[in-house]
Each structure stands twice: as C-alpha cells, then as structure tokens.
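Q: Got a structure for you, questions after.
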Amino acid sequence: MPLKDTVLHIRHLGRQDYESVWHAMQEYTDNRDETSRDELWIVEHPPVFTQGQAGKSEHILNPGDIPVIQVDRGGQVTYHGPGQLVAYPLLDIKRLKIGVRQLVTDIEQSIVKMLALYGIEAYPKADAPGVYVEERKIASLGLRIRKGCSFHGLALNVDMDMSPFQRINPCGYAGLEMAQCKPLKGPQSVEEAGEKLIQTFSQELGYQHLEHHQGLTD
C-alpha cells in the first residue's frame, strides 16, 4: 500500500479524441521521475477502435467508418465511444510497491466494488482481464508499464451505442457479449460512473487524498 499521505490527482478531461490523450499519456510517463505525482485521467472518447500489441487483424471484422488505431497497450482490439467511461491510471507502481498483476487486480476490484454499490454482481476472470456481469463483459482493461509506471487503463460501458462491438471480436473473443451499466440500473451517466469509480479506485489503491483538475494542464 502507498504511504498514507499519498495524493491521487484526478484529471477530468471531458470528451477528447483518443490519439491526443494517448500521446499525452506517453509524454507524461516518459518525462516523469520519482517525484512525479500519480494521476487518474477520466475521459470519454469519440468512436474509435484501438488494437493492442497482442491484437490480430482478423479480430477486426468490419470497422466501417470508425478509425482503427494501433497502440502500445497490452491486449487485443476494443471499442471506445460516447457513453463509455475511460479511466487512465498513471501511477508509479515501483513507488506503490505493487506489481502489474496486483495493479490489474486492484483496478478490477475497484470496478466490482463500484458496481456493487448499485446491487450489480460483477466479477473478474482469471484468464480474461476485465469485469463481467452474467458472462457479459462490462469493462475492459489494457495496460502498459514503462519505467515502472503505468499508463492506458480501463473502459466501462455506461450508456452507449453497443453496435460497434459487433464489428470486432472484443478483446479477441469471437461472439463475446457486452453489457453496460444503465440497463442494469447501475450508474446512468459517464459523470456519475466516474464519481463513483474515483471513490472505489482511490480506496482500493490506498490513496488518502484527492486533488481534482480540469483538462491536461493545471
């Protein structure tokens, strides 16, 4: 667990295109040192498919007019779009004294505990990172660790057009069904989901203080 006085800085980015946020994550990670602060970026993206480092082109079935971007995270192809909460933890896991597997577990548990606030029984799977409800995937994970620091993160389906998921094999699984929060009487908006996830994420990682920022610059 981190020190009790560890602060987590929350950046509320609103809706921003994927590539600009991705490159900002890379830049922050490349330039950080042992004094750099841990941040959690909360964002919503316009429609985009992102293909992880393990991704295979055959899992992109029919992208149509939605762009496909090859990125430097783990995992296979996924979809981001309006109505989906995306959260990027930019953490010094060396300083936190946790490994990547523990970080994945902590992220999954923060989602599970957030959904439990609404009476939704969600769970992770050992062989397929992410969070599931009744065998349907409600949240996807894909991380990258560089210099002992994390970037990329999670995507939670809240209230979105789910049809683009039918154009891919989500996370490389043909026929994988997806779920979202609103029909399950979970959080009804990305904003509501973000507020609750910030709470459970900071508790799961042991952060005692939160500081909020708007946009990518202070």
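Including glycine, each Cβ sits where the backbone N, Cα and C put it.
Feature list, courtesy of Swiss-Prot:
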DOMAIN    34-209  domain 'BPL/LPL catalytic'
BINDING   R73, G74, G75, Q76, V77, T78, Y79, H80, S140, L141, G142, G153, L154, A155  substrate binding site
SITE      K137  site 'Lowers pKa of active site Cys'
ACT_SITE  C171  active site, acyl-thioester intermediate
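Context for these features, please: burial, neighbours, distances.
A: Taking Cβ-Cβ distances under 8 Å and a sequence separation of 6 or more, the neighbours of R73 (substrate binding site) in its chain are T50, G52, Q53, G142, L143, R144, H152.
Under the DSSP three-state reduction, K137 (site 'Lowers pKa of active site Cys') is assigned to strand. Spatially close to K137 (site 'Lowers pKa of active site Cys') yet at least six residues away along the chain are G130, V131, P170, C171, L176, E177, M178, A179, judged by Cβ distances under 8 angstroms.
Within 10 Å of the C-beta atom of C171 (active site, acyl-thioester intermediate) sit 22 other C-beta atoms, taking all shown protein chains into account.
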Q: Would you mind pulling the longest C-alpha to C-alpha span across R73, G74, G75, Q76, V77, T78, Y79, H80, S140, L141, G142, G153, L154, A155, which the record has binding substrate, in angstrom?
A: 16
Q: Could you tell me which three-state DSSP class C171 (active site, acyl-thioester intermediate) falls into?
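A: DSSP call for C171 (active site, acyl-thioester intermediate): helix.
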Q: Return the residues near G75 (substrate binding site) by Cβ distance under 8 Å, restricted to its own chain and a separation of at least 6 in sequence.
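A: Residues satisfying the criterion: G52, Q53, A54, G55, P129, S140, L141, G142, C171, G172.
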Q: Please average pLDDT over the domain 'BPL/LPL catalytic' (34-209) for the predicted structure.
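A: On average, pLDDT over the domain 'BPL/LPL catalytic' (34-209) sits at 95.
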